[in-house]
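S.K.: Take this structure first; my questions come after.
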């Protein structure tokens, strides 16, 4: 919107602004200037304005959340697998120890009977 000092450009400067920008002049300044529409910037609205990548968009946050959830799930699954694998190995070694004890006890009983 023009202020009190701004006036729309005359026919001489109608095509001065690009990409839908609106041309204005200030009587005390010889050159025109532009009010750019959304997503354009520059003296003549010639540059596309890209939003800063430092502000994460909603889709970026969603993607980051999905990646984090997948990584967390994989980590938990790996820990469960390792715990089960370790538990099975411990159970096998306990059974082996029990077998050895039973075998030793059986031998001891047999050797006592032989004497």
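Easy rule for this one: first residue shown is 1, then count along the chain.
Even glycines carry a Cβ here, placed using N, Cα and C.
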S.K.: Examine the ranges 42-62, 63-83 and name the one recorded by Swiss-Prot as transmembrane segment.
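M.R.: Of 42-62, 63-83, Swiss-Prot gives transmembrane segment for 63-83.
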S.K.: If you check Swiss-Prot for N-linked glycosylation site, which of 39, 104 comes up?
M.R.: 39
S.K.: Spatially, and counting Cα to Cα, which of the recorded positions is closest to residue 34 (disulfide bond)? Options: 23, 45, 60.
M.R.: 23
S.K.: In whole Å, how far does the CA atom of residue 9 (disulfide bond) lie from that of residue 39 (N-linked glycosylation site)?
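M.R.: Computed Cα spacing between residue 9 (disulfide bond) and residue 39 (N-linked glycosylation site) is 22 Å.
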S.K.: Name the one residue among 17, 23, 36, 39, 45 whose Cα is closest in three-dimensional space to that of residue 60 (N-linked glycosylation site); these are the recorded positions.
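M.R.: Nearest by Cα distance to residue 60 (N-linked glycosylation site): 39.
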S.K.: Mean pLDDT over the topological domain 'Cytoplasmic' (84-115): what is the value?
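M.R.: The predicted confidence over the topological domain 'Cytoplasmic' (84-115), as a mean pLDDT, is 58.
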